[in-house]
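Reviewing the structure listed below.
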Amino acid sequence: MTAIPDPTTQSNYLSITTQHVHLDWSIDFVSKTISGSAIHSLIAKENVGEVIFDCLDIDVQSVEVEGKTVEFSLGDKNPVMGSALRISLPSKAHAGDKVTVKVTYNVGSEAFALQFLDKEQTQGGRYPFLFSQCQPIYARSFAPLQDTPSVKLTYSAKVSSTLPVLMSAIRVSPPSSGPVHAGKKLGEETVLYEYNQPTPIPSYLIAIACGHLVYKPIDTTDTTESTAHVSVGIWAEPELIEAAHWEFSADTRRFLQVEEGVVGKYRFGVYDLLVLPPSFPYGGMENACLSFLTPTLLAGDRTLVDVVVHELTHSWFGNGVTHTDASHFWLNEGWTTYIERVLQQLLHGRSPARRGFSYLIGRKALQRSLEEFAEAAEKTKEEEKKKILRYQRLVIDFEKGEDPDDAYSRVPYEKGSNLLLYLERLLGGLDVFLPYIRDYVDTFMGRSIDTTIWKEHLYGYWSKTENGEEKIKLLDSVDWDAWLYGEGLSLPVEPEYDLTLAEQAYDLAKRWDASRSIQNVSELDFKSSDLDELDSNQKIVFLERLQSYPNLPSTHLTHLGSLYGVRETSNSEIRYRFYELALINPSSSQKEFLEQVGEEAAKWVVGEDGTGILKGRMKFCRPVLRAAQKAIAAVGAGDGGEEENVATSIYKRHRLAFHPIARRLIEKDLGEFAGLCYHKLELYVGLSTSLCKKNVGRILFMLGIFAS
């Protein structure tokens, strides 16, 4: 079968492929640059006369092939894919030939994968910080690469820095357990950090973090001795290391132990967790050997540690068995979410209650994503509607140069995991399905596959089992077109979930709904102890369940927020749900309340709530800012007149504190209602130097889509 090229890359990876890349970098925090080289070891798949790498805002200084300087050219910049770096080979390479290419270059703070933080943006406030986020297609902004998950490569790195360096690889020197920064003076003296990643990974998993970071190991216990072959530890700023270690140390090795029993041995040798500054745009990122985590997980009660299960599971699904391109992203996230919930069942005495509860929460998040795409489609031009509605699909046929981040949502996670749950039940239940999971992992470990290959293996495996003919008939009964390519607000088959853990939350929500006729809140029969027996996830379901009823009066919502403390809680998952509840379906009859809560919610996101902590995680900042802006506009405050929407103004004051990925998507969200045409003015007259430096071509393209 002829391979279909990844639509997000301009590289010629099908003709000649990188097997290993060595990165030699020097980090300069004063100029906010990385300078150095990338040395590619490639193998030709066919006769080929050039090598083409993906580049995005990279200043290429020189190129060498087999040690000799050669000519190169950078093509016109595509606002999404960047520029094609074309390197002519001195002589044509034949199939099987090995080629070495060295590219010397510089990148600055405009690199989309990088965020340089000033010291004031860190927890300690003493040293600057740098971290990367390369998924889905941003590795090309810090190194010339064949930036597609279809290519899996090993890498090594030598990085000179005045602050400790972490990478998604095994540290060679100095030792993690040794003195911080090899005992040298932080921020002044340079140390050479060396790393090696011997397991092939896609380019989006190459990662770096640099700042005042310290390490604390997670040792084995009598019950987790079987995980001794894996080095496990926590990295964080000194101010957070004890809290982070306490939050994650009790469960991480236990998660690893149970996971290995389901899907096989962990292959990467090291599994460290890094708690990043608050502008990190995701809950977690499964970088090989080093999962990046948001500080919003530090709830102080270990209630949010399941995110670690998700990131750890990616070591098999995504990092091990990888999607070929963004069209098949669900093979990473759908499988990971499904296995995460299988582990929840196995970790809780094989009871389906915890697993069903997680599916229930996920189904609500999926519904929200499907509805948001439907609403966005209604607000756009006719020719754009079909494009947006495609994002409701599990498998998306992206056009050449289309940005996969535009489709980022809960769809691949939740629709994908529900498909796998449906297949599990259809084919005989979890005990019957577990051997299939293991065979799938064993068959494709280390490879990149698409949905067609996954489906062929599915049929192939079950055809060889006992009653194989019956299993194939069952698979043939699946409406594959609806599951893989269907759009709309529902699943082809709506699974039933175990609601055991939800009933208590449902009952409390029902009581609140029944209380709406009582006008004097002092007469309400609710106590702060109502939530004492509910865990964090049950509190989330309680607040989400309330959203299914007509809006509560603002007096009731105010009372609920103060009585249960959900309006001030440090648990971001719960506080986010309260704001979502309070701002849903805004009505002009609640003008004062909506203005107050909308402003409060926006300030919570940017850290103007007294905590000074930015909520850079897109799971929170995007929907909260969107809801706050919409609610404030609905009651006539800053809705198109001279007065600017308060939520928009609050965001604008802090926009540069957010990660570039989050900024782009937030501004697209907010532009749907209010427009952010001030960016155009800044671009043309140079009022915002930092914005102009940050990928002007890309931003102009973006503004053409959403700015009014």
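Yeah, the Cβs are placed from backbone N, Cα and C, and that goes for glycine too.
From a predicted model like this one, the values you see are computed outputs, not experimental measurements.
Feature list (source: TrEMBL):
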type	residues	note
ACT_SITE	Glu311	active site, proton acceptor
ACT_SITE	Tyr413	active site, proton donor
BINDING	Gln133, Cys134, Gln135, Pro281, Tyr282, Gly283, Gly284, Met285, Glu286, Arg617, Met618, Lys619	peptide binding site
BINDING	His310, His314, Glu333	Zn(2+) binding site
COILED	363-394	coiled coil
DOMAIN	500-670	domain 'Peptidase M1 leukotriene A4 hydrolase/aminopeptidase C-terminal'
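Considering only the recorded positions Glu311, His314, Glu333, Tyr413, Gly284 (peptide binding site) has Glu311 as its nearest partner by CA-CA distance. Computed over the domain 'Peptidase M1 leukotriene A4 hydrolase/aminopeptidase C-terminal' (500-670), the whole-number mean pLDDT of the model equals 92. Counting Cβ atoms from all protein chains shown, Glu333 (Zn(2+) binding site) has 22 others lying within 10 Å of its own Cβ. In terms of Cα spacing, the binding-site residues Gln133, Gln135, Tyr282, Glu286 that come within 10 Å of His310 (Zn(2+) binding site) are Glu286. Sequence-distant neighbours of Tyr282 (peptide binding site): residues of the same chain at least 6 apart with a C-beta under 8 Å from its C-beta are Gln133, Phe292, Thr294, Arg617, Met618, Lys619. Residues near Glu311 (active site, proton acceptor) in space but far in sequence (CB under 8 A, at least 6 apart, same chain), listed by position: Gly284, Met285, Glu286, Ser291, Leu293. Long-range C-beta contacts of Gln135 (peptide binding site), restricted to its own chain and to partners at least six residues apart, with a cutoff below 8 Å, comprise Tyr204, Leu205, Met285. On the backbone, the CA of the residue listed as 'active site, proton donor' and the CA of Glu333 (Zn(2+) binding site) stand 5 Å apart. Residues His310, His314, Glu333 make up the record's Zn(2+) site, and a Cβ search at 8 Å around their centroid adds Gly284, Glu286, Glu311, Thr313, Phe317, Gly318, Asn332, Thr336, Thr337, Glu340, Tyr413 from the same chain.
Taken residue by residue with DSSP, Gly284 (peptide binding site) is part of a strand. Spatially close to His314 (Zn(2+) binding site) yet at least six residues away along the chain are Glu286, Asn332, Thr336, judged by Cβ distances under 8 angstroms. In the three-state DSSP scheme, His314 (Zn(2+) binding site) is classed as coil. According to its DSSP assignment, Gln135 (peptide binding site) is coil. The Cβ of the residue listed as 'active site, proton donor' has 24 other Cβ atoms within 10 Å, all protein chains considered. The local packing around Gly284 (peptide binding site), expressed as other Cβ atoms within 10 Å of its Cβ over all shown chains, amounts to 22. Cβ neighbours within 10 Å of Gln133 (peptide binding site), excluding its own Cβ and spanning all shown chains: 24.
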